[in-house]
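Here TrEMBL flags A:12-35, A:41-63, A:75-93, A:99-119, A:124-141, A:172-192, A:222-240, A:260-283, A:295-312 as transmembrane segment.
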């Protein structure tokens, strides 16, 4: 829980400069600048895609690492966000300032409604029930024949920002995605360190004790699901704009699994780990994916190695340097 | 005599054919240390679980601070002022000692949702937590992770977490279990210093501690109360001597 420990000796300015949100945004911004300078459209696309997937992974990391809620259905709020873009577009609404809050709200609502049931279970049962709810919404989406059914359909147009077509280029979209990722990292970090976050983390580490101290963390967890789901919805809004196409495949359990892989790969202890995980998976996809369709075999080996090597000794070793 | 803080009235609990709690009635009066002893398998742990709210009795009533709490869960009873120290030290291992106490303060407080202000940079919260640690002798261990504390220190930390909630009754489940001699002595001193201020129900194997602390003792044998009385009377009781203390001298 390194985020929560204040380091009083460091000046506030230094602390802010080393904040993972700032580091992350600067890193993505640098990548974007390089891509732009090189005139590479592909580079901007890659940055946009990585940043929005990182946002989805961070929202899941908040649930898994901080709230202790291992959701295997995080593709559902992601997909809901994407469908909000598609459906709103069909009704002529393409303004980001409308679509983005709408995507957040729809995904948060889904997460709360299903979470109210899922939170009555623990452990493997929670994993299974979130998966089940995600599959349900997947089939609901596949049955929406007005919106492409099984195959999905192209969105009417990319969203506008302030009525301007700022997101028409992938560079503009990438800038928005990176900014939202930074905001999410910063906001969630504050949340984790707050009283609310303290209760959430205590409930994850030792629920029996928290109960004995007089607090049932149910409502805290429900709020966490709303926030995590809502942010995934925001990522989904960005995703639909980037791909310009929405289909039920976004809600497939593969996607949920891939998000978990990103979170685990980067480490569940800190939110910034999910960003690293998302970057690693996307880059592996882009590089190895060109050589072989079976690149996920290599990814699997990397995951096995990461999980095995994350032993106590290595962790202690890393804590001195990295954490 | 004012009304008891805690009163069990004819509590029954069975697991299948096994009657683990058989018509147990006992009470804890204000300011009193009431010890609950009994040989292994007497049903002490089951009874503690029912008092804490983790288990529902099959029949009977539990009153706490003049309220019927039989139907309330763990968290609700804790909010009414039932502080609990677990048999196996129960703290948040990954948190520091200070964070653990902060959790106890926030959990019992009326603002457990504050979403923006970093909790531990709130000076009021930090000071209160630090003072609670100082009271149990852990002032210099505030920044130590709870999992790195010694067994006795974790017990003291748990006690600090309970005390900071201003409990109306402390439910102590074998606080001396697994502590070394010196640590046990420190813990006993700590409990002695609380005696008279906070009523306690003390479940304990260590007879030295029991006889030093208790105002009254209840002996539980095979799930029912064999005898309740002052320490001297219990010590002399022939049934207790036979069933529990054996032939050897009690203390």
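For all residues, glycine too, the Cβ spot is worked out from N, Cα and C.
Of the candidate ranges A:99-119, A:124-141, A:172-192, A:222-240, A:260-283, A:222-240 contributes the most Cβ pairs within a distance under 8 Å of the transmembrane segment (A:75-93).
Across the candidate stretches A:41-63, A:99-119, A:124-141, A:172-192, A:222-240, the maximum count of CB pairs under 8 A to the transmembrane segment (A:260-283) is reached by A:41-63. Here the listed stretches are A:41-63, A:99-119, A:124-141, and the one with the most C-beta pairs under 8 angstroms to the transmembrane segment (A:172-192) is A:41-63. Only sequence-distant pairs (6 or more apart) were considered; of these, fewer than three Cβ pairs between the transmembrane segment (A:99-119) and the transmembrane segment (A:41-63) are under 8 A, so the stretches are not in contact. Note on the transmembrane segment (A:222-240): residues 48, 51-53, 55-56, 58-60, 62-63, 66-67, 69, 71, 74, 77-86, 96, 99-100, 103-108, 110-112, 115-116, 119, 155, 159, 173, 176-177, 180, 184, 188, 191, 196, 200, 246, 250 of its chain, located 6 or more positions outside it, place their CB under 8 angstroms from a CB of the stretch.
Long-range contacts of the transmembrane segment (A:124-141) within its own chain (CB-CB distance under 8 A, at least 6 residues past either end) are made by residues 69-76, 79-80, 83, 110, 114, 117-118, 147, 248, 251-253, 256.
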